[in-house]
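Annotation source TrEMBL lists transmembrane segment at 18-36, 43-60, 66-85, 97-119, 139-160, 198-219, 240-262, 274-296, 317-340, 360-379, 391-414, 420-440 (among others).
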Amino acid sequence: MNSKVREDFLGTEAIGKLLFKLSLPATIAIFVNILYNFVDTVFIGRGVGADAIGGLVIAIPFQTTVMAIGTMFGVGAASIISISLGSGDKENASKTVANSTTIACITSVLLIVIIFLKFDFWLELFGATEGLLQYASDYLSILLWGTPFIVLSMVLHSIIQAEGNAKNAMMGMVISTIINIIFDPLFIFKFGMGVKGAALATVIAQFFWFVHALYYILGNKSIITIKRKHFKLDFSILKEVSILGTPSFIRLGGGSIVMIIINKTLGFYGGDIYITIVGIVFKLLRIIMIPILGIVQGFKPIVGYNFGAEKYSRVKTVLKYAITSSFWMAFAGFIIMFFFPEFLFRIVTNDLDVIQKGILVMRIIVCVIPIIGIQLVGTEFFLSIGKGFPALLLGLSRQIILLIPLMIILPRFWGVNGIFISYPIADFLSTIITFVLLVIEVRKLDNMDKELESLEITAEVAQQL
């Protein structure tokens, strides 16, 4: 497929078929990515013990921060690239790729230095208890050095998706997962490395993902050509990337703050066992959310390209498809997690205390999951059309404005369960906010569509005269 055809199909193919075409590879890619994180949990739970899973939970704030950085530069760059390709400005797309990867590399190295210099301080801040401290230290001390590979892989992955090549983006994650699944049991069981082995397997897997993505971008496969001149930092591009990526950073960075508060409050109200339970629930929830995340990833380049090409009716249509599809996918996930929690817990651990206490926790957290797709679709929709402020507001509303205060206040009335009740309340309220903002934006698109039609009619009349 030549580059011109590859660009045009985003603006011409039937929306339903196109969304499926881009969502399926994205779903597979997300599945395999989440799978190897889940595999870590299963191998550690079976091979080391339930407390070791708790140690991994302590490292989640760091992992989420790394993901937030990669997502910020990746999503920001992808939004600009999709719109640039839609409007025919390939030079701006090339500059954006080079600038976003450069700043991502610099930022990831700075993060390593910051964590390394005050390693024990950060572990304590993340919520490490005496019983989990050693596991968390062993895991994070290895994972830390893979930060640049993780960040750059995420940025390059978003860029590849932005040009509509979902299959290649998928392959990088598949390769990474296969490598992780091979090395995980080898390091954990064969070499007896425990959680250190799990971390090392993850770093090696992320390195291969990075190499695969880099080969695509710098080779002849990408429709975007990168030259040395494009790596000269352009602060106007960096500013735009940062503005568009900030909502995603806040959403995930807010997740880091949330996990720190969860670890601290769970340690105070419930103890190590609830830290382990939350870790398992979140791992399982990520698997259930895979189809929704795939739909979101698939619809972003369609929205961005068509918005840049001023095909607003297609933008509205793909938004409708994405929201409807994500609802039914989330509803299916809700059925599985709400009615079969014990079965899901037994996949990870045989600890009866963890299983018995975890059943109620899972049911509380997932009770409004069917509507969560609207949040995810809405946030990425605004980013895809280059509107950072509404996306920023949505990112702030769930994590910072709603969830964190609720997690601090509710445990005072309902103990440890108050922490878990905070999730459905925050999800419900933030979904309402998302829905209102989407209605307002769709009305704006309607007006823009009418204005465009009016201009086209005027132009046709002028030609006839």
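Each residue, glycine too, has its Cβ placed from N, Cα and C.
Within its own chain, the transmembrane segment (18-36) is flanked in space by residues 9-10, 157, 161, 164, 166-167, 169-170, 172-174, 176-178, 180-181, 184, 202, 205, 286-287, 290-291, 293-295, 297-299, 301-302, 318, 321-322, 325, which lie at least six positions past its ends and keep a Cβ under 8 Å from the stretch. Sequence-distant contacts of the transmembrane segment (360-379) (same chain, six or more residues past either end, CB-CB distance under 8 Å): 247-248, 251, 274, 277-278, 281, 284-285, 288-289, 292-293, 295-296, 299, 319, 322-323, 325-327, 329-331, 333-334, 337-338, 341, 344-345, 391, 394-395, 398, 417, 420-421, 423-424, 427-428, 430-431, 434-435, 437-438. In this chain, the transmembrane segment (240-262) lies in contact with the transmembrane segment (66-85); the count of Cβ pairs under 8 Å, excluding pairs fewer than 6 apart in sequence, is at least 3.
Between the transmembrane segment (139-160) and the listed ranges 97-119, 198-219, 240-262, 317-340, 420-440, the one holding the most Cβ pairs under 8 Å is 198-219.
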